[in-house]
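Asker: Sharing a structure below in structure tokens format, with a few things to ask.
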Amino acid sequence: MDYKCFKGKHANIVIEIISLLEKGVKKAQEILEKPDAGSYTKLENSSGDTPIKADLALDKFLEENFLSLENIKSVFSEEKETPVTKENGSYLIAYDPLDGSSVMEANFLVGTIIGIYEKDYKAQNLAASLYVVFGHKIELVVALEEVYRYSFYQNKFHFIETIVLENKGKIVASGGNQKDFSLGLKKALEGFFAENYRLRYSGSMVADVHHVLVKKGGMFSYPQKKLRKLFEVFPLALMVEKAKGEAFYFDKGVKKRLLEQSVENYHEKSECYLASQHEAHILEKYLKGE
């Protein structure tokens, strides 16, 4: 893999994690391909969800590997109540081992989301983020100074492109229960569809955001407070911002950056809007003041 594009003080830890993922992809794929991988367990995780078997197997595999890195001080899975902490190290990892697990049985795209934090689990301390998506091919996307896309082939990640969103896209991934959408959001969505936008919502956040990124524009939204800040929202918000898009929420009708949100508890949830510039402008126009 070509690491020359990685710059800045966090480049080395990103390279270490990518090298670890590169070595572990086949094991992860093996976990996902087991016949009972999508079967639900009888457990409940810290967020109140019932994990599937692949959730727990991937979580265990990733935790062990992340903790093996000398410069990692803390590892925190969405499946756990609290982080696992070591004595030494500078960086903290928060991750969702299997985003989209609820649609895995339908053979939809799923993935692993990783946020790399410094000093503390706060949005302002997010140094970089990565995700791996598993489908008919395996891809890695990295947000550092820019956003880089790779494809896994013959045991290595191969560079595809640097992702930069265009001003306007053509797809909408609108999650949540539509009967609970605000009037402003309903009008915004009607406007998008009147302009021939295509609905591309799968139920897997990492898949839908990946679609927006590789298509170079569009909008992902989840207006209900369901998505976890540390494990999903912040890492993917960084992705979209570094790709020249916007990542935001609305607080009493005022548009605010997701990466300026505070974290009162580890498993706190948030609404989430990730969009290219045009879609962000339209959403603000209709949702402002609500």
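Here the Cβ of each residue, glycine as well, is placed from N, Cα and C on the backbone.
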Asker: According to Swiss-Prot, Asp96, Asp99 bind Mg(2+) 2; which one of Glu190, Glu195, Glu232 is annotated to that same site?
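Answerer: The one candidate that Swiss-Prot places in that Mg(2+) 2 site: Glu232.
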Asker: I'd like the number of other C-beta atoms within 10 A of the C-beta of Asp96 (Mg(2+) 1 binding site), please.
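Answerer: Result for Asp96 (Mg(2+) 1 binding site): 30 neighbouring Cβ atoms inside 10 Å.
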Asker: Among the binding-site residues listed here, Leu98, Asp99, Tyr201, Lys226, Glu232, which has the most company in the form of other Cβ atoms within 10 Å of its Cβ?
Answerer: Leu98
Asker: Cα-Cα separation of Lys226 (substrate binding site) and Glu78 (Mg(2+) 1 binding site), in Å?
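Answerer: Their Cα atoms are separated by 13 Å.
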Asker: Take the C-alpha atoms of Glu232 (Mg(2+) 2 binding site) and Asp96 (Mg(2+) 1 binding site) and report the distance between them in angstrom, rounded.
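Answerer: The Cα atom of Glu232 (Mg(2+) 2 binding site) is 7 Å away from the Cα atom of Asp96 (Mg(2+) 1 binding site).
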